[in-house]
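Only one structure is covered here, and it is reproduced in the block below.
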């Protein structure tokens, strides 16, 4: 009821912080309603980490194998779990019991863990406020709608169960600092983020090049001094994170846990990336060769079997090793590294980082479909710049959210996930089209934008030309219609016609179809980066 | 319409608010975890921890106190006052421990009630698809009426039949005769939930949209339609009762909304038919009957040929009833058999702790002991009619659109407050017309909604829906006070400080009641103390609101209002 009073009091001048509170509280209400919904094994993973960090001493954290869900995140995340476990033990001591707590599913643990995610999301909300606080109100609110009410975050964090909100909050904080020219702070926060979840390291080359050119410049002495400062700060963060393990001489074990290369090229469910095409091409080629009469190595159903395989047996095409994927990611990232080297502009850093994550997603090793959040959420912040951006973001966000559908496979969540995506798409369509099409809206919102551009010298947004309107064209429209067809096939027609045959065909279809969308988005981002002055 | 505030998009667009409503409905239909003992435990734990801390500090402080006394005599008073404070805190803790936390054993009384509405609805599906229509209301070897016998009018039976067929298609064992009793499989529950969700979106949503269309046409000023839609569709009481507790109120209420919209658009015959449908889905819709009756009669009396108009309406009503009751009209015995099922007088004048007149005053007068059931029936009937009389007379004398909406609130209020055998859930009925009036009376609507939720709180706690309750209430409050949500051109006058203060106190006390109800045990002598306090608070608010809406309806007739001005132009 406090929000009741606060909002009613200041309902006229609309203080941005109160608006932010309104947005995040509305989303929290929805999240609370989602507490009893489906949760994946990640829930038990995080509960087990609570137990490990609480009941074992620090040197044993990375050695414990009581549960198959061993600790495989960097130390800061372990510290974070330790912090949470202090409260968990107050609420229900069984949560943090290593043995008794295994697969513990009482109301208390569900409630507690879900609430920690909901509360940690406020960090993301604040970060979004930080980065958008200088934009004009209309734009700002819409970005909030895109991020705070993001269905993808709801699905991954609040149903599937993860702490992406907190991590993305850190990422956006760091980007916000970079955009404002506080390079040291940006690097510092990014170092912290890396010690929370090392998967974010994909953007490290961009950070490295950008900071080297933007921060460590201006003469030999000054540049060297700044390199030293930055290096010290980053090393200090890493020392705090890894120091205790270094002290106990366990650094090898920690690294081993963090990088399990034993896993296959693709996750259980194929993330919609380049390797889906590769595998599919291999399958088709093998099939054709067999028809012609060549003898090929039978690959078996290891890709479609839904298991986390440890090898990637291709029958025709060359095998893919982690090193290959690593090189490919770096190679595809080169254009943006080159741009960052040549002209490190703060206002472009967000695209470069998003592009780096896109490269990591499209060409990476053992990519999770959830990783698409890493670039979809940051791109939301620049989606309101012009009509083309908006069109691109509309497609990307829809596709990436749709690609998360297989995470929630239970019938109970079906209406929720469909309606969440529909609501999100309608909201985006409505918001983008009211801003980027129709002369009335354009002329009405022009003065405010100009005023804003003057007030923020740092951020000179490209002014919207009249012809860059929001619209996805007939190609985009037919692609989205195809999405509907894929969904209808997977949900209704497949069980009707094929019964139990080819059980993974619907998933395969979703992967391939979404991979096309993500690939297009990657190309779009690449051209944007190359073409931008 | 220029939408300057994009962020209100969540509900500044009808489609959006509608789909939000669907999402919220589906989510609340999870039958979420309640705030059970284990969840209240944290408070206890924290308290114990702080106590331990305090205890250790007390020891320390006593030592310090001694040393202080020895060396510096003057701060002695200060330290001892701190000690006093700490003792006070410990006393509170003792008290808390005395009443003990959690609600484990307290609600055992309710487990006696087997299953509840969910099983009732499922059982009706089982009965209707396996027996012939004439058997539905008759006690027989295959239809044991004492086990959740069908006691709603025929339309509910038909609806159960349709839904039963659907369930049979996907999960035959969930509706097979006899063997399916108490069936609660995952798929069975899910399908049942989806029948409510679908009937909500097929009946209630279109009816509300119809009402909104008519409303826009009638009001010539700029109004925020989307806010109104959000208020009507995201009404937490309806959502939590239909999709949490499990009932099909959305159908009868949707039909009523349709009838109201038809009346506002001057289609009296359609309105009659729709209202008869509503009446035949749940007899509770009769709460609105006086308003409908008097408004339509008043309209007819003002026509050139009143008799013709009345007989037209009468024919429609008769025809609708004839169609719906067709299977039971072949003999008087069958007809009376159904009728007797619909009026369960044996249950007594009130149930549990409903915030109406009889239950509240029973604290002072033991109505059940003072009077026989017969005289109580008569008493409640006359009280109901007497209290609804003013609004009826007003509608007869000067039927107006706005007045009709107020009359609906008033007649349903007088039924809720004074009629025989009222259930907590019946507060949905006064809530519906007041939600339609949300743009006219935002304060009344918000207030009524808050206390309606509170009045159902004990019931919902029994259903373990407290988590959904909290989030739905918070969501509603947020939407109600959304920045830029209710752009009313007529600047509502600021309430005086005194009124604001009283309101704040009432809201605060209701919130405190929530917390107390969740966390504490009542004293042994008065096991239902908290329910009684909630009931008293809610009753006082409902009675005040009823008085207000009655006077409002009467003062309306003096000055012509926007809706009727428009009508004259038409």
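Every residue gets a Cβ built from N, Cα and C, even glycine.
Within the chain, the transmembrane segment (A:76-96) has long-range Cβ neighbours (under 8 A, six or more residues past its boundaries) at 46-47, 49-55, 61, 104, 106, 108-109, 112, 116, 163, 166, 192, 195-197, 241. If you look up TrEMBL, you'll see A:76-96 (among others) marked as transmembrane segment.
Feature annotation from TrEMBL assigns transmembrane segment to A:108-129 (among others). Long-range neighbours of the transmembrane segment (A:108-129) within the same chain, counting only residues 6 or more positions beyond its ends whose Cβ lies under 8 Å from a Cβ of the stretch, are 16-17, 20, 23-24, 27-28, 31-32, 34-36, 39, 43, 46-47, 84, 87-88, 91-92, 94-95, 101, 143-144, 147-148, 153, 157-158, 161-163, 165-166, 168-170, 172-173, 176, 381.
According to TrEMBL, the feature transmembrane segment maps to A:141-156 (among others).
Per TrEMBL, the feature transmembrane segment maps to A:185-212 (among others).
According to TrEMBL, the feature transmembrane segment maps to A:224-247 (among others).
Remote same-chain residues near the transmembrane segment (A:268-289) are listed as 296, 299, 303, 306-308, 314-317, 320, 361-364, 367-369, 371-372, 399, 403, 406-407, 507-508, 510-515, 517-519 (criterion: CB distance under 8 Å, separation of at least six residues from the stretch ends). Taken from TrEMBL, the feature transmembrane segment applies to A:268-289 (among others).
Positions annotated as transmembrane segment by TrEMBL: A:349-368 (among others).
Long-range contacts of the transmembrane segment (A:390-409) within the same chain, counting only residues at least 6 positions beyond its ends with a Cβ under 8 Å from a Cβ of the stretch, are 38, 40, 146, 150-152, 155-156, 159-160, 269, 271-272, 369-370, 372-373, 376, 379-380, 383-384, 416-417, 420-421, 424-425, 428-429, 432, 435-436, 470-473, 476, 479-480, 483, 487, 507, 510-511, 514, 517-518, 520-521, 524-525. The transmembrane segment annotation in TrEMBL covers A:390-409 (among others).
Tertiary proximity for the transmembrane segment (A:416-432) is limited to same-chain residues at least six positions away from its ends with a CB under 8 Å from its CB atoms, namely 34, 37, 142, 145-146, 149-151, 154-155, 159, 383, 387, 390-391, 393-394, 397-398, 401-402, 405, 408, 470, 487. The transmembrane segment feature in TrEMBL is assigned to A:416-432 (among others).
The annotation transmembrane segment is assigned in TrEMBL to A:471-490 (among others).
The transmembrane segment annotation in TrEMBL covers A:502-524 (among others).
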- Query: Are there three or more C-beta pairs under 8 angstroms joining the transmembrane segment (A:185-212) and the transmembrane segment (A:349-368), sequence spacing 6 or more?
  - Reply: yes
- Item | Contacting positions for the transmembrane segment (A:471-490) when only residues 6+ beyond its ends and CB under 8 Å are counted | 387, 391, 394-395, 398-399, 402, 405, 418, 433, 437, 506-507, 509-510, 513, 516-517
